[in-house]
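**Student:** Handing you a structure now.
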């Protein structure tokens, strides 16, 4: 603003010179340093972000900017000397002023030289910043000086004025040049370009332009990939922020305090800038106040003086400054707080998970009377586990136990904390703005009017607080229901095969739908309370303004436009600020809870070194238990006591024992995954990964004697190729790899696959059979460099001859020489020939242990064998030949499209392996109109949205009408000539006392007349009426859109749920669970909660923009032209923004899933990862995925700010243009000026929010797009006829010329299959791998549709029957038993179709509640201290006993028996059994076989056999070969075919010919 006296000017220039002097100190230091040290030229560059390449060093240049700086400084200095010479004859003050300016220019010239001569790019950049501030300060002083004396110089000294203009231009040019110095060359981290924010010039950095090539690229490609985005700098790179956390002394500090301390610099900067922004926020209002007062005070018909134009200039300055600082504050919030905090916490949580105790099961102290978890199942530390169902635990305890809750720490809690970090500055902002606005309004209105207005806000505040609390409570309920929904959906997707086999889709659809309805009810509660909060937000400023202006007008008898429109703007700004406080408080509480959960996790117990260094694995009087993170009484834990064993080095040791005796616990102890309660444990100490130098490994040094490899009971496999899973990060040694493949019996499996070893395995090995998963994990251990192999039950899922091959070739072959092998198995007889050491567990301790030779001499060996099985069973088990080389294979299941028709054919090696798990698809370009139309149709259709448009238009009409009425009201006083002199607030604290005019009416001077009083009531009444209608319609418009949103959400979810549950199994197998879950959770959260608000606020912003232009029309029609030009510019930037924001938002969605998938996978396999010493590798991998996520968020926010700053700038120009037009338009009154300017100030925010909300709608529509994509997936056949109610009554099966393929483009796997099965027949199905056994099962249940031919059951063609009816009338027991979390009852009879008595009867039939059956009840035994061992609680005795997720609190045998009981419950007439050979002891296996024979006598039974002895006494045997019937007849008939018979050949090859012959002829 102008400085009117020479003394003030002198002081300002003197102060400016002093500041410029201070800014010159770094330039002086740089010059001295350069002169004294003579640094060599910078020929390389490296910093914490990365290292410059030769190309980037060559490309770096700052010469142009430096040259411009020196030239500009030189020109300015020369002109200042010329002005000094001209002013020499002038008065002393003028000469002194010119001298000071010349001195300032001299300093600037020195700074420019220092900058130009600097050889360090970063130093030059920093000097440029100082030079910019110095030049900008001097330019500001020169501008102020010019506005003061410019008018007089124009007439008296034009040469001097010209020189001053040149001087001013030189200053501005110098400032810009100084900002254009690039900071450094492009740097690269691990070969990838690092984000250029700290590379580019300050001008690029502070205008968010450094990535402006990306919008161009996105526009050209119509998409962006992650590779197109530069990598994170060290300030938000996960590894770097995690390392910086460790450097800080955070020990003993609360997490929130440590976080604050870690990010104190950006927090301080943000709060300081927030304070500046809060003051500048009212700058435009203050300038408009001065401008309107000027207009009120001027004489009618008089021209505009320089003062008016200066106010227009300062309006532009205020708006641009405020816009830039606000934009920068939000950039700081995201770039320096939200993203680094999220990356830091995510990295810390994952790193912790790699060190944390692997605690499983639930809090035992809260489950008195419930069975301790089974050691076999939970012993596989790799299994995901949850707290057992039906047990109430508080959140923190659930958190500690549940894998999903642990993943939620990153998915939910970290996000909440980082989001709050982004918005926390709104707290100080609200306080600062409140103080500034109160001072402003107090000066403007006086305390009485202000008090009246605030009384309205105080009256509304309790309502606001009440609904804020209700809103917060509704949000909490919503979060809980969403967690519940996620649990139900996760379980349904994990058990989808069982659901489909049992035709339970409608029941699960209803189950999920019920939870969904509760979620929508919670969403509606949130919407209702949100509407009331919006109502308070809309109403408050209206009431504030109405009451304040009414009281003001009553007190002063008039209402000036300057007072009315400025106070209105301040009220709206203030209320918008204060309205966020209640919601922000809720966010604070949420973030606090989340921080507390994260802190508990980070402070939870870590694995401690439980073992001592030794050459051998030994236990010395040790007592061990599964780890717990709380103090638990020993009597409530499963403990193995007083163990004294030493496993011989370099030999094979075997650990045996019945199910539930603690075998897996022993192995976990060797891995260090247990609590050692007493005694000592000795294990060789493996070298850390960094000291193994794997990259230098060769045949001579391959084995590291002390390293450990582990094969878990539940195999853990990654989503990678078979080869990558086996090599596991080690160098590829072809010879060793081939030997490993051979000894692990994987050769045939790999030959079966088109892509061989490059075949990609789905998550958790979904496209491998049980045996293949086991053998791949075994191969990983065998290939490894470990000298100690810890193997848990590797024979359980392989057939006997494969088991013998593995035992001979793998465990005792060339690759096992010199390695210590510790094996848990039930197959003692198989191993005794070559085992050195044997221990048997039981009764909570060691029953027998010692060298095999000693045990044999003592007679103990036979006793141990007798515990396992009878001699006959041993012989049968050990000699039985596998019917197929493996129970099932990828080739057989055809999930990757391999062709089993030619198992011996040399496979065609594809040039590039096909991906089993396809990359997640991303749409390109704008969201398709089809998506919008589907959403609009589901939310209510054309009529609904047409009515919505009418409501929104009505709201804007009332908004303009209200302001126009205020214009009429305030203009009325001017028309009446109420131009008396008055102090606007009865106080001259700020010296504002204005003369309204000299023409006064006599009656106005004497007293306010009744007509004025009457007009006040009239104007006020109309204004309040308009305000009330505005607030009601303004509130209801949101509620109306919310109704449509709920409707659309309900419809879309129902369609998605229906489609996914009925999608083909092939699709479900090839899509990762996390990807589908994302649709059900994150995408629907967006559609439920965010989309409606984006549509509402976006529509509002667009119509507000139209209102701004309409309001401008009242001033001049030229407004439309100028607005059109500015809107065209806005549209240009908006299109560029949308081109880049769309793909980056989609990238953010697709980079989020891998973070959760990696975390979930690593948590599942944490024991394996730690055993192999691979934790650092997984930490690095997680850092990479976090960086991918951070990068996409970073660029999303970067382009948001890029667009926001430009919109703010354009909006400032619009306001300046409106102001200029007001001054140029003759006869315009202050009321109309106030009306137009009040709207003009909203131009930039309306444009920006319109674009941003449109982008938000489109980006949120990305969620709708992803959901609609899934709702349109092809489903299994839904047509067909309903069979008779009792069908099938007999169970006759006829298969006629059946041809089946896995996909239309693949060859058939069943080729003209024809056979028939009579009522109640038991049929064994045998054949080599790829013969078509599993395909026959899938065809029977119509998972594969017939190309030709037919299957008839009881005379009905199954292809003509509804799928649901078909599958619900048949039953199958799959090889892998699937249980759902809940209770025993909910698993047997999920939808309450049977009585408790019927269910108990079924449990008895499978011997789960038979007291004589110890195997069924011994699982998970608790062994308290003392001589008396109490009976263990049998979980099956109570139907309400909990079953954890996946049934992992039961042993494998118990799960299989429970699945068998479930099949018996349904009493099927046709039963298919994929005979299980899983991890059960022989006794349990015998129970399963016995139950099958006893319980399915009145059903047709098809058994896919893995042991010939199982089906040798069946009614008939179906032998398949190459998808056709090779033989079909009674076992006796097939036997008597002699050597020509395939079945006979199998029996002859088995090595148990006589045994099988006895069974076939009924002799045994």
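Keep in mind that glycine also has a Cβ here, set from the backbone N, Cα and C atoms.
Feature table excerpt (TrEMBL):
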- 360-375: compositional bias 'Basic and acidic residues' (COMPBIAS)
- 385-399: compositional bias 'Basic and acidic residues' (COMPBIAS)
- 898-910: compositional bias 'Low complexity' (COMPBIAS)
- 1413-1430: compositional bias 'Low complexity' (COMPBIAS)
- 1431-1443: compositional bias 'Polar residues' (COMPBIAS)
- 272-590: domain 'ABC transmembrane type-1' (DOMAIN)
- 617-868: domain 'ABC transporter' (DOMAIN)
- 946-1259: domain 'ABC transmembrane type-1' (DOMAIN)
- 1293-1547: domain 'ABC transporter' (DOMAIN)
- 360-399: region 'Disordered' (REGION)
- 880-911: region 'Disordered' (REGION)
- 1413-1443: region 'Disordered' (REGION)
- 12-32: transmembrane segment (TRANSMEM)
- 68-88: transmembrane segment (TRANSMEM)
- 127-149: transmembrane segment (TRANSMEM)
- 161-181: transmembrane segment (TRANSMEM)
- 308-333: transmembrane segment (TRANSMEM)
- 425-442: transmembrane segment (TRANSMEM)
- 448-467: transmembrane segment (TRANSMEM)
- 542-571: transmembrane segment (TRANSMEM)
- 942-961: transmembrane segment (TRANSMEM)
- 1018-1040: transmembrane segment (TRANSMEM)
- 1102-1135: transmembrane segment (TRANSMEM)
- 1203-1224: transmembrane segment (TRANSMEM)
**Student:** Can you see whether the transmembrane segment (1102-1135) and the transmembrane segment (1203-1224) are touching - at least 3 CB pairs under 8 angstroms, only pairs 6 or more apart in sequence?
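**Tutor:** Counting Cβ pairs under 8 Å (6 or more apart in sequence), the transmembrane segment (1102-1135) reaches the transmembrane segment (1203-1224), since there are 3 or more.
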**Student:** Which of 68-88, 448-467, 542-571, 942-961, 1018-1040 has the most Cβ pairs closer than 8 Å to the transmembrane segment (127-149)?
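**Tutor:** Most contacts with the transmembrane segment (127-149): 68-88.
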**Student:** Short question: most Cβ pairs under 8 Å with the transmembrane segment (308-333), which of 12-32, 68-88, 161-181, 1203-1224?
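**Tutor:** Out of the listed stretches, 1203-1224 contacts the transmembrane segment (308-333) most.
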**Student:** Given the model, what does the mean pLDDT over the domain 'ABC transporter' (617-868) come out as?
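**Tutor:** 83, rounded to a whole number.
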**Student:** For the transmembrane segment (942-961), find every same-chain residue at least 6 residues outside the stretch whose CB is under 8 Å from a CB in it, and list them.
**Tutor:** 936, 1026, 1029-1030, 1033-1034, 1036-1037, 1040-1041, 1044, 1099-1100, 1103-1104, 1106-1107, 1110-1111
**Student:** Below 8 Å between Cβ atoms, which of the listed ranges 12-32, 161-181, 425-442, 542-571, 1018-1040 makes the most pairs with the transmembrane segment (448-467)?
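**Tutor:** Most contacts with the transmembrane segment (448-467): 542-571.
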**Student:** For the transmembrane segment (161-181), could you work out the same-chain residues 6 or more beyond its ends whose Cβ comes under 8 Å from its Cβ atoms?
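**Tutor:** For the transmembrane segment (161-181), the nonlocal Cβ contacts are 62, 64-66, 68-69, 72-73, 75-76, 79-80, 82-83, 86, 101, 108, 112, 115, 124-125, 128-129, 131-132, 135-136, 138-139, 142-143, 145-146, 150, 153-154, 201-203, 206.
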**Student:** Please indicate, using numbers and ranges, the residues of the same chain that are 6 or more beyond the transmembrane segment (1018-1040) and have a C-beta under 8 Å from a C-beta there.
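**Tutor:** For the transmembrane segment (1018-1040), the nonlocal Cβ contacts are 527-528, 530-532, 534-535, 538-539, 542-543, 545-546, 549-550, 553, 947-948, 951-952, 954-955, 958-959, 961-962, 965-966, 968-969, 972, 1096, 1100.
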